[in-house]
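Novice: Sequence annotations record features per position, and here Swiss-Prot assigns disulfide bond to CYS32-CYS58, CYS85-CYS107, CYS154-CYS180, CYS207-CYS229, CYS442-CYS498. The domain 'CUB 2' annotation in Swiss-Prot covers 154-265. The feature signal peptide is assigned by Swiss-Prot to 1-19, with sequence analysis given as support. According to Swiss-Prot, the feature topological domain 'Lumenal' maps to 20-568, an assignment based on a curator's inference. Feature annotation from Swiss-Prot assigns transmembrane segment to 569-589.
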Amino acid sequence: MEVTGRLFIWAILAVSCRAQLNSTAAEGRPRCTASLGGANLGETHKALILNLNADENCTWTIERPENRSIRIIFSHIQLDPDSRCENESIKVFDGRSTSGPLLGEACSKNDFVPVFESSANSLTFQIVTDWTRVQRSVFIFYYFFSSGTTIPNCGGYLQTLEGSFSSPNYPRPHPELAYCVWHIQVEKGYKINLNFTELFLEMDEYCRFDFIAVYDGPSTTSGLLKQVCGRGTPTFESSSDAMTVVLSTDYANSYRGFFASYASTYVQEVNTHSLSCASDKMRVIISKSYLQSLNYHESNLQLNDPTCRPSVSNVVEFSIPLHECGTIKKIEDHTISYTNIITFTQSPESAVITRKRHLQIVVTCEMEYNSTVEILYITEDDVIQNQSVLGKYNTSMALYESGSFENLIQESPYYVDLNQTLFVQATLHTSDPSLVVFLDTCRASPTSDFASPTYDLISSGCSRDETCEVYPLFGHYGRFQFNAFKFLRHLSSVYLKCKILICDTSDHTSRCNQGCVSRRKRDIPSYKWKTDSVIGPIRLKRDRLVNGDSGLLPQTHEAEISKQPLSHLHLFSFMVLALNVVIVVTATVRHFLNRWKDHGYQKLQVY
């Protein structure tokens, strides 16, 4: 018994010692030795240089009484280049403490200039460094601003294939405390060439005060191409069809700013011409070298509507809306096609002869099964050349909160109550106002591959469920509602797939105008323009309590069953462990009892 007591005491001491070590490690957090040099974080604007040591954990709060927001810019960050962001970083919080919403995080691995804005008049930033002893410094610039005030010509969206922009007030000195963002977005298949014909900002080795940041993509986190300042004429080239340019200035030393122009280059090789079709437009690309071989100039090209002009770069591009620019729509045998003609302007009426071949480029988009077919042919002295490729309809389907179909539900998976009314809308994304959407079939399944079992909500345009209500035809939208259910002997996931038919409103014999018909009467196989849309999963709310909110949910009952052997193995292992513990305890008790008996009957030694 004495040995048992000692073992028990040692166990208690070991546990208490371990708890004390954990507590010491948790409480022994790095302290902050970095200094702001007496700076007042209540000033309207301030530039700060922070020199940091290893094992720092520093937090500062910027705050003023007036109701204005704060913009903080970390224009130069020198942290441990080998440290992970989890161990060494800068975190910025919206509010007076680190318990506020996290606005963002920056570390040595980031490829952008970190800029954050508060929602109100207070902002907190925290800098944590690891144990590595390297030189660290962070340049911080912040200022208060009113969110409702703007600087003229400060940023914007540029969507043409070529253009130009400049700093506000150019060529006069740029304004103070300016933060301007220009987004350049051109058509797919192009890349952007940006050229600064003049750049005159405050000079600094690290461009900490006034600078321009150029990003290779659609946002300020797309990947920094370069941060520039001073004087020069830098050039940049994007890797895609988007580029972002930022101008940031402080409160002193304003100069002329900059002037920049950009042009687009079509990346893919086009020997003669190409055509692609979307739900709202036709896109024709013509090679300039092809035109030159015919002794034509791009300025002589025109559509059925001569006012619709092409965009010219290293290629000539026509972006032709399906219901504008003289596009002709034709309905034949339940097939919709869109046609336009690119021609070359005729010789002057005073001319008597010509040695140029008469050339026409006829472009047609024809709607096909679950896709669109593009057909392009050229007539050249009565010689026809054909070309065809494939595209797809642009459709989507989503859940809405009510029958007004105003508030889209973004949550996925979407948790519902059993028998709750659900509102579904299928949408055709097109600029053609004369098209209408018809819901031919809508089917539910417990799995995303729609294997057996399935359950029909709508079939042949008819409601097959007592709670399902199909709404009347409504332009580009097909709508219905039904009450939530679950599949027996399966998990509570439900996926929906709808077959959508697209008709022209002027075609009174179309399938869309027939409504609900029996399977014997309908003639869908001859229909060329239909497509599928899928949404899901929809799950019961009680499964949220079981599975949590992670969204990583099992999709079939078989998947759940496949995990059961692992659970049985865990149970068996636990039982074996418990049995071993019982055996050890029993043996120990018997050992001490036997020793106690030996001591109890030990014969006294006779002297």
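Glycine residues also receive a Cβ, built from the backbone N, Cα and C atoms like all the rest.
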Novice: So what's the mean pLDDT when you look at the domain 'CUB 2' (154-265)?
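Specialist: The average pLDDT of the model in the domain 'CUB 2' (154-265) works out to 95.
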Novice: Work through the disulfide-bonded residues one by one (CYS32, CYS180, CYS229) and point out the residue whose CB has the fewest other CB atoms within 10 angstroms.
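Specialist: So among CYS32, CYS180, CYS229, the disulfide-bonded residues given, the one with the fewest Cβ atoms within 10 Å is CYS32.
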Novice: What's the CA-CA gap between CYS32 (disulfide bond) and CYS229 (disulfide bond) in angstrom, rounded?
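Specialist: Between the Cα atoms of CYS32 (disulfide bond) and CYS229 (disulfide bond), the distance comes to 33 Å.
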Novice: Validating a neighbour-count step here. Other CB atoms within 10 A of the CB of CYS207 (disulfide bond): how many?
Specialist: 22
Novice: CYS154 (disulfide bond) has how many other Cβ neighbours within 10 Å of its own Cβ?
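Specialist: I count 17 other Cβ atoms within 10 Å of it.
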Novice: Determine, to the nearest whole angstrom, how far the Cα atom of CYS442 (disulfide bond) is from the Cα atom of CYS85 (disulfide bond).
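Specialist: CYS442 (disulfide bond) to CYS85 (disulfide bond), Cα-Cα distance: 48 Å.
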Novice: What does DSSP assign CYS32 (disulfide bond), in three states?
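Specialist: The three-state answer is coil.
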Novice: Return the member of CYS154, CYS207, CYS229 nearest to CYS107 (disulfide bond) in space, with distance defined Cα to Cα and candidates limited to these disulfide-bonded residues.
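Specialist: Closest candidate to CYS107 (disulfide bond), judged by Cα separation, is CYS207.
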Novice: Roughly how many Å lie between the Cα atoms of CYS154 (disulfide bond) and CYS207 (disulfide bond), rounded to a whole value?
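Specialist: Here the two Cα atoms lie 20 Å apart.
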